[in-house]
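Residues or ranges marked as region 'Domain I, interacts with DnaA modulators' in Swiss-Prot (evidence: sequence analysis): 1-91. Annotation comment: Swiss-Prot describes 91-147 as region 'Domain II', evidence class sequence analysis. If you look up Swiss-Prot, you'll see 148-370 marked as region 'Domain III, AAA+ region', on the strength of sequence analysis. Residues or ranges marked as ATP binding site in Swiss-Prot (evidence: sequence analysis): Gly192, Gly194, Lys195, Thr196. For 371-490, the entry in Swiss-Prot reads region 'Domain IV, binds dsDNA', with the evidence type sequence analysis.
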Amino acid sequence: MTMKGGVASQDFSAAIATACEPAANVWSKVCVALKRELGDAAFGSWIAPAMLREAATGDVVLVTSTGIARDWIRRSAWRRIGELWAAHDATGRRIDLKSRLEFEAAAGAYVEATPKAVAAEPIEIVLPVSTDAPTVVAPSAKSPRTQGLQERFTFETFVPGPANEFAHAVARRIANWADGHFNPVLFHGPYGFGKTHLLNALAWEAMRNAPEKRVVYLTAERFLSTFVRAVMDRQTAAFKEELRAADLLIIDDVHFIAGKQSTQEELFHTLTALVGEGGRVVFSADRPPSAMTEMDAHLRSHLSAGLVCGLEPADRNLRLGILERKIQTLGAAHGFEPSIRPEVMQFLADRFTDSVRELEGALNTLSARAGEGLSRMTLDEVQAILRPHLRSGEKRITIDDIQKATAEHYGMKQADLLSERRNRAVARPRQAAMWLAKQLTTRSLPDIGRRFGGRDHTTVLHAVRRIEALRAEDSALSHDLETLTRKLRG
């Protein structure tokens with residue numbers, strides 16, 4: 001009986017251990033299977049960066065850094081994740097999927113909150129070593145001062161160029177705790193121009209240079225949600241104290257609170273208090289303060305009082321530089337040769353001109369599909385993979401549109417582009433228009449030639465090659481092509 005009792009006791013203990021198995025252990029087992037089934041590229045791009053978080057209630061949430069990653073997982077892997085989780089988790093815990101912003105909004109998380117106020121902590125995931133699955137370590141729990149910051153956004157990974165070199169220099173100066181003559185500082189530019197990268201890099205560098213100083217980084221959306229929660233919980237005094245104790249306060253996307261009166265008032269008082277006490281404040285927005293018509297006039301005035309620094313669209317050389325840096329990062333992360341065919345690189349730089357994020361997203365798509373074969377992908381293969389994305393919401397551009405825009409830009413008549421005139425004042429704009437037609441439409445070379453006064457395809461091919469060669473050395477021509485491309489794409 002004793003032996004039986006001993007066996008029963010051991011079985012019972014094993015059952016209890018299994019039932020109480022930490023979520024991190026369960027997720028590690030799920031990841032081993034997912035990595036084997038999805039492959040290194042897809043797993044590394046979409047699953048590995050996600051973090052498992054466990055709340056005090058026992059609920060488990062897989063948190064992705066972006067909504068795009070969340071959507072990919074939901075579409076491509078979520079059903080399988082659910083099956084694997086159910087198979088390995090004896091307790092039957094429910095696992096949910098959220099983007100970082102969704103999770104933080106739901107939890108009321110705050111970048112500088114004390115440990116007691118944090119609703120959930122990241123769980124470190126270590127995949128067991130096996131013959132078919134190398135060890136993978138997910139990011140460990142961040143200290144409160146670094147929550148909300150993205151480790152990949154540093155000055156080392158930021159590519160400066162004419163479009164952002166002034167903003168880059170200003171951010172570097174702030175991060176070095178140089179004199180705060182301009183305070184506050186506001187960086188502005190449309191979505192995808194590098195503002196968030198710059199602010200993250202600034203925060204990381206400022207903390208590295210002065211570990212004893214208090215740096216607070218948060219998005220305007222988190223500022224709003226945390227303020228609302230503080231009001232509801234009657235904790236506004238603690239909220240104010242946390243912010244106003246900062247040596248450097250960084251708020252991303254401040255335009256988000258435009259029209260939200262009480263939140264604007266709180267930010268206004270925080271700003272004036274910090275500046276008055278010698279603290280430094282940095283904002284980003286999608287437009288300059290003068291264009292924030294829904295913003296409170298007093299707050300808008302204070303945002304304008306320091307240094308307003310715009311980020312311009314990345315030119316072609318900067319886009320190529322960003323692609324090169326991104327390819328090196330992907331190669332280092334996934335263990336393959338960081339290279340890509342020149343014609344593919346040029347295609348990406350020429351087609352994704354509106355946003356650096358769109359440019360990086362296109363490269364991520366190719367990397368996820370090709371993995372180690374990225375360097376071998378042909379231009380036709382790349383165009384086939386990205387074609388659905390290129391069609392999405394893209395304005396249809398006609399050769400007539402191109403001719404009209406080119407003629408207007410160079411101060412000439414559209415008929416001049418179709419004429420037989422060969423003097424440089426006409427020939428160069430005509431060649432530029434042919435190059436644009438090749439880049440922005442799906443028309444064949446013979447068709448383009450017919451629409452330029454009945455010229456043959458060899459004339460068009462010569463024009464395209466001539467412009468391709470010239471724009472690398474002629475900055476004025478390169479600027480003209482950038483301007484026309486943006487105008488045509490709306």
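Keep in mind that glycine also has a Cβ here, set from the backbone N, Cα and C atoms.
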Legend entry - Residues flanking the ATP site, with Cβ no more than 8 Å from the Cβ centroid of Gly192, Gly194, Lys195, Thr196 and excluding those residues themselves: Gly189, Tyr191, Phe193, His197, Leu198, Ser284, Leu311, Val356, Arg357
Legend entry - Candidates Lys195, Thr196: member of the binding-site residues with the richest Cβ shell (10 Å): Lys195
Legend entry - Taken over the region 'Domain IV, binds dsDNA' (371-490), the model's mean pLDDT: 86
Legend entry - DSSP helix/strand/coil residue counts for the region 'Domain IV, binds dsDNA' (371-490): 88 helix, 0 strand, 32 coil
Legend entry - Spatial neighbours of Gly192 (ATP binding site) that are distant in sequence (at least 6 apart) but have CB under 8 A: Asp354, Ser355, Val356, Arg357, Glu358
Inset, instruction - For Gly194 (ATP binding site), write down the residues of its own chain that are at least 6 apart in sequence and whose Cβ falls under 8 Å from its Cβ; none is a fine answer. - result: Phe158, Asn164, Leu311, Ala314, Val356
